[in-house]
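According to Swiss-Prot:
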type	residues	note
BINDING	20-27, 68-72, 126-129	GTP binding site
MOTIF	42-50	motif 'Effector region'
REGION	186-205	region 'Disordered'
LIPID	215	S-geranylgeranyl cysteine
LIPID	216	S-geranylgeranyl cysteine
């Protein structure tokens, strides 16, 4: 068989990290995407957890390894290990708590300090089901995403609105960058660039057009 496969289960393994303040719904976004579950009584994550899910993009099996950690300051000591090898991030805020949106820029700086500055970032305004409590307008968040070169969606982990779309879009953009670099390198097939487990994928591609504001909201 032409090309390299990391193993029989997938063509690519991409590490994504969930970041944002505590209580914005990161763990429920993860459980909704990977298990289609939602826990109304979920407590803040202690330490680090990760879950995996495979999906098909352009007839390639993409395995997403998605890491979740608590947003409280006392867990910030794990940042270096948490971010290492990440090729994508979902930066989550709570649309009903403006302070969580205000902290997005700090999270973004920390992310870019610990990863390739061209990492694919999806800004997520979660809890869009609480329409009567919205404190961050869609237009305000769109403006930030446009300025920072982020993708943007509003989601509801409770109602499963846009959750699948947000993860899939982020993974698709990562795949496009990696496969484009493989083609430009003259590889016979995109699978030849699939990394062994644990190997970091360098997604830096200053000539690509992915880093443009992409918008989808509920």
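From the backbone N, Cα and C atoms, a Cβ is placed for every residue, glycine too.
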Lowest local Cβ density (other Cβ within 10 Å) among binding-site residues: 20, 23: 23
Taken over the motif 'Effector region' (42-50), the model's mean pLDDT: 66
Neighbour count (Cβ, 10 Å) for residue 26 (GTP binding site): 29
Other C-beta atoms that fall within 10 angstroms of the C-beta of residue 128 (GTP binding site): 22
Cβ neighbours of residue 69 (GTP binding site) where a neighbour is any other Cβ within 10 Å: 22
Mapped DSSP class for residue 20 (GTP binding site), helix or strand or coil: coil
